[in-house]
């Protein structure tokens, strides 16, 4: 039997192909370029490739008419929602690469209130030798040699490639492959912190083990759905479910599939990895995971729920109700007791997953549009917040180790007012205070949910937002209205690109709170999934 050659729509796949090509080029650069050239080459490849891919997304989006097109024998759906999410992932990637590249652990006191980064290549906050045992002679030798872990950039681009395919997947097998491609590099990058190596490696191990379990659940769910419907394509599953009378096997498959997706977004009760991983991973990687991974994972969840599961609407909606309520409640209540800023932001991200699920549960175009807007607003605020947390270093400045202990942040805003004001802006956005992007995004998802009859869910969300305001304001009060102590940390001086990226995050957070209509209109136009 002669199999026909598949028709590959290279134009529609251009953004994804560009990112994967950059990742492959980065691997080749690691293999063949001299060590002294690798850092500059990798940063240029990552930033340039992400920018070119973003341009490709815009070009493809301008050529899309109607609901979109299927590519590669229906395995990939290129529609407005996919391109919107891919563009968001690429914007986050550009900022994340800047924070990774310009980050340095070697600091020297220049003024009483500032630590200036030494004029050395970046990546000094990442271990020089990932395979070395912490504290071993091999690690010390790598440090003396000035080694840098430039493999970080191709790993990040491979993960970005998976993130771009994940929300575009139109069949479950492609979705599983994309899930693994985006996850495996993240497992490695979580364990690359120079300081607190054991904590970082513990975080990577926990993430890997729990991620492997969730992937197994996902794959088993795929098998059950295939057995129940005879197809792996999302439209095919929808049509088969609509024609069936016995949904027991399909429901079991959907439940197992949901475990994998809800683990990746960090919903309760699949959130246990988030606090440890966010605290132990290098802070630029934490910001990258907290923003980009959520965008990709929610894109995949939206596609499964809106394209494949309309016939099971009455079955999955009550389950997501319960998960959203648990996620908002557990995330908010647990964050109140945190004394480490990174762990507080981790539990805060869990609560935000519940808010975003509120938009998903609406199951209408308004809910889809509100969810897309929320993901954009949350991504910029999250990247900015973690970028600033990564600049706060211990009072003695030794090795440039971060100090995320909230009790040490007393008076930090008085010592470094610009940093304090910017972080306060991001925290107020997380709390949903008016004139910030967080207020508009929460209002959008709550309004969509209320219009779909989920008023009790909205009430829980509003109460959770009110409680969450406490621990955000607590950080602001500590920075500006508490006297300095001897443990008050210093703020490292970021590079020019990092300053620009943080400024962009701040401006976007404010502009989306004051004049959100252009992005809301863009999200409305993007709220079309290929069915």
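Glycine is treated like the rest: Cβ placed from N, Cα and C.
Features of the protein shown, as given by Swiss-Prot:
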- 8-28: transmembrane segment (TRANSMEM)
- 41-61: transmembrane segment (TRANSMEM)
- 81-101: transmembrane segment (TRANSMEM)
- 146-166: transmembrane segment (TRANSMEM)
- 172-192: transmembrane segment (TRANSMEM)
- 208-228: transmembrane segment (TRANSMEM)
- 250-270: transmembrane segment (TRANSMEM)
- 282-302: transmembrane segment (TRANSMEM)
- 318-338: transmembrane segment (TRANSMEM)
- 350-370: transmembrane segment (TRANSMEM)
- 372-392: transmembrane segment (TRANSMEM)
- 500-520: transmembrane segment (TRANSMEM)
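Stretch with the most C-beta contacts under 8 angstroms to the transmembrane segment (172-192), considering only 8-28, 208-228, 318-338: 208-228.
With pairs at least 6 apart in sequence, the transmembrane segment (250-270) and the transmembrane segment (350-370) have 3 or more Cβ pairs within the 8 Å limit; the two touch. For the transmembrane segment (372-392), same-chain residues at least 6 beyond its ends with a Cβ under 8 Å from one of its own Cβ atoms are 81, 84-85, 88, 91-92, 95-96, 99, 103, 125, 283-284, 286-288, 290-292, 294-295, 298, 341-342, 345, 349, 352, 355-356, 359, 402-404, 409, 412, 419, 422-423, 426-427, 429-430, 437-438, 440-442, 444-445, 489-492, 494, 498, 501-502, 504-506, 508-509, 512, 516, 519-520, 523, 526-527. Ranked by number of Cβ pairs under 8 Å to the transmembrane segment (500-520), the listed stretches 41-61, 81-101, 208-228, 282-302 are led by 81-101. Of the candidate ranges 8-28, 282-302, 318-338, 8-28 has the most C-beta pairs within less than 8 angstroms of the transmembrane segment (146-166). The stretch in closest packing with the transmembrane segment (81-101), judged by the count of Cβ pairs under 8 Å and taken from 208-228, 282-302, 318-338, is 282-302. Across 8-28, 250-270, 282-302, the stretch most heavily in contact with the transmembrane segment (318-338), judged by Cβ pairs under 8 Å, is 250-270.
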